[in-house]
């Protein structure tokens, strides 16, 4: 009897790389989306940290009046931000090689574009990586669908809104106070608080927080005790156990009696779908609202006040909102224009009925 021994063919380097990338045995799954996600998020993070600490002032309005955003130029953690690229650049793609010098690139806010483009590519790839890992493990794909809500929101404020407004200088600054400034100006120019899609987003976020707290407290209150009174109930759970860890019938009975019977879920799968779908759909609507307001399809306005039979204005909350919007619009970009667009385009109002007499 003859035994033939053959040497096992060694995998070439590319096949080893493919096997490593798609392996679900790694401590952290890489995946093909991860191959692009890792360098883009690293580039965005490194540039953000450097710019937040040391970037020179940026001519955001394109009128040769730079705005400081970094820590080394007088800001703190609250006021600091990566300032959006200049209005003089508009929507032009502005990588480093398009500038005459590095100083010019920094002056025109080039780091902002570098950060948001790499960041958006990175979070898109993170979403794809979630789908890829679910596929490898034989799971359903709804994790990446849920993650699409914050991805849509980030895309709306960093990409869609600047495109609609015609300049990346209108994008959201990368900082705490800059975010608040963006919100105030957005309200002033688009009346977002009166937009139904934003209202759905508020209901989604606050409702999701409420439902999450209700669910967590109900589960915690109806745990099946596997321990003695002197031990924590948490020690009664073993990872991977087949038994239920809480009594859904007890939780259903409690909540049904607290409100009414049909307010409580008796199906755990339907319950958890609802907990996921409510905030996701709400945030989808908010992102859609931002994307429509980007092209000036704004929230409801009540610019025509309610008047009585004699023509006297009956003040409502709408008048207060209008006045607040005008005030915020006057304050922002104070040197780029003298009046907000609403005032500059309206009919001139007389400020004096009779010419004053001058005693010379």
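Just so it is clear, glycine is given a Cβ too, placed from its N, Cα and C backbone atoms.
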Range annotated transmembrane segment in Swiss-Prot (choices 29-46, 47-64) is 29-46
From candidates 198, 215, Swiss-Prot puts in the same quinone site as 264, 265 the residue 215
Which range is transmembrane segment per Swiss-Prot? Of 82-96, 97-111, 142-156, 157-171, it is 142-156
For this session: May I ask you to check whether the transmembrane segment (274-288) and the transmembrane segment (29-46) make contact, with contact taken as at least three Cβ pairs under 8 Å and only pairs 6 or more apart in sequence counted?
Result: no
Looking only at the binding-site residues 118, 215, 264, 265, residue 190 (site 'Stabilizes free radical intermediate') has its closest CA neighbour at 118
Around the recorded quinone site (215, 264, 265), other residues with Cβ within 8 Å of the Cβ centre, ordered by sequence, are 214, 218, 251, 252, 255, 271
Whole-number Å distance separating the Cα atoms of residue 215 (quinone binding site) and residue 118 (chlorophyll a ChlzD1 binding site) is 37
The most crowded of the recorded positions 118, 190, 215, 264, 265, judged by neighbouring Cβ atoms within 10 Å of its own Cβ, is 190
Residue 264 (quinone binding site) and residue 118 (chlorophyll a ChlzD1 binding site), compared by Cα position, are separated in whole Å by 44
Widest Cα pair spacing in Å over the listed quinone contacts 215, 264, 265 is 11
